[in-house]
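Asker: Would you mind keeping the following structure in view while I ask a few things?
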């Protein structure tokens, strides 16, 4: 249990650092999504099912979609 | 249990929720609906004052409401003491004037504008009335999101950039605030302000310092005190004038209220003194005031200049409150009231004066005064009040602030007050002189002028807008002559602010 | 070089903040379990007070329902702001969507996603979940429609007007239940006593399921509107 938690926390920090480190937006977004996923697992480990559900749905699902649509707008550069 | 203080929050909230429905039915009804909402709000405030006037006089004024029927510390409590009453009254008055101004000024996307406006109204009322830490965070978040959207209202590149900058700074501040609330809950197991206040002294001093520092950083960012002021001028400049009036007239004052509430009622000034934060904060605020006035001197843009001057005044208010003397509170609260009306009035007047100019820059200010003579005179009166001319409200409040600094032997503070007035003379007179400069309009200019008036095309709209400017000037002149009017509410609010034990007792026991 | 300097600066600041946080969190007392403060009371008598098996929902929609009203209002404000800033006078641009296989597969899956969303919303007082989470799942359907079938399909199925109607309807449901609390029980957002039933059944826990439904519609429609206004230039909504 404790080992699993430590591994997950390390993953959490790693994905957060990677999300900051890369300049490419797409990679950052994917790492953020991984971050949310790991966070969901951590929440579940601590028996916070409600928060885990919210984090999975919003952090890993919706946020990624919204960020993707935002960067697709940036790529096309048609922001008059 | 007085339901009216709950309705103070619910009326603007319900108005905001209903506006999209009204839009779907008939967009023309919206304007009357908005007026109805704000009139109802004013009625509530007035009825609260009238019904409780005797208690207010005796210093016993206190109303509260238990949401969901849960008594503290279990549920959320709304509480209104004399200090909240003063802030609620001036906030409601400002919101009332600015919404009428908006009816004349805002020409497009009115539906969404009013939704966001009423959400700001609800959130500022909520932040003033609540007695619960997490609830105050919720309302701060609401204020941030809605005002951020309104800063980007013009949808130009500049406006979007300013809105994003504003959101980054303020969401960060909100997160810090949230962290503070979390740590408080973790350590004390309660969120009710009175309950926290009772138990705060039992914490270790390291944790006390940590919590105080977090709240301090969050609120300093929100108020725009020195190290964190860089979001402010840009967003004041690019937002439409009524929004700027709300930002400077309502939001910054609400944040000052939260500042007072947290550092006097919840954390307690003794704790700050024990942690030596008060001296630091006093100097920081005075420095911020100094920098605000210096930046204002070199600014070439009228709205940005007013933003910098706001920084100067808010720094001064924070400093004079930090003295923690009765005179300090008196001057600070009076200056909050006068600054609220002066700044909102100035931005409102700016919105009228700058409607035909190409930009807000200094060179485009040429000839503005000749074209709209009467409004420009009102504008000058407001500027003089900012400087501190004797018969106006600005003089009275600055006088009390100066006296408070002298009484506390804080000569640097007194110097800052006088320095602010003197620099204000320089930077405002520049604009007044420019405004009276003759300008010869060429054919092209005239043509451009006609095309560039999408906002105030209809006559009655222009009437409304100038009327509100005159109303602000009348307030400044009238209360400047009769500033003793504020004597009773200010003394009562200082009493309730100083007497923390009574607040705790009333919230927890009442 | 400049970029490297910036990164080094940022990492120094972040390390400093992390160190300060660590320093202060280590000062804090050991977590004493749930024996102290409000949490103890809520665990002991939350079920009795509210009739909701899921105590988190009990806190969110009963003890501190006013906060939930505020939070959903934040989403309402964000939606209004985003629509305000992003809406432009342009015809909707539509993509053709993805391939036939994806369309068919998601055509089969979508009803189940919707069912799951409604389940999470309506069983908020019994199992983990609630209005916020279920609402986001419902919003995901609209997002799937836009991505897989093209945004014109989404526009035809659920026009922005419908979504606005759902959103404000949800908000007004929440507010209306609160006002009903004043009329029937005496305090804003107080749990409606006449709706309570046997604990553990679907229709129990007073007004909590209905508030959940309101929040679910509000959040779902709101987030769908946000996504919709981000992927394309919407119609001007009002003038």
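Keep in mind that glycine also has a Cβ here, set from the backbone N, Cα and C atoms.
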Asker: Which one of these stretches, C:51-68, C:69-86, shows up in TrEMBL as transmembrane segment?
Answerer: C:69-86
Asker: State the residues, same chain only, that lie 6 or more residues beyond the ends of the transmembrane segment (C:106-126) and have a CB under 8 A from a CB inside it; answer 'none' if no residue qualifies.
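Answerer: Those are 51-54, 57-58, 61, 133-135, 137-138, 140-141, 144-145, 148, 200, 202, 204-205, 208-209, 212-213, 216, 220, in sequence order.
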Asker: The transmembrane segment (C:208-231) and the transmembrane segment (C:165-188): do they have three or more Cβ pairs under 8 Å, with pairs 6 or more apart in sequence?
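Answerer: Checked: the transmembrane segment (C:165-188) vs the transmembrane segment (C:208-231), in contact.
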Asker: By DSSP assignment, list the helix, strand and coil residue numbers for the domain 'MrpA C-terminal/MbhE' (C:9-93), in that order.
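Answerer: DSSP classes over the domain 'MrpA C-terminal/MbhE' (C:9-93) add up to 64 helix, 0 strand, 21 coil.
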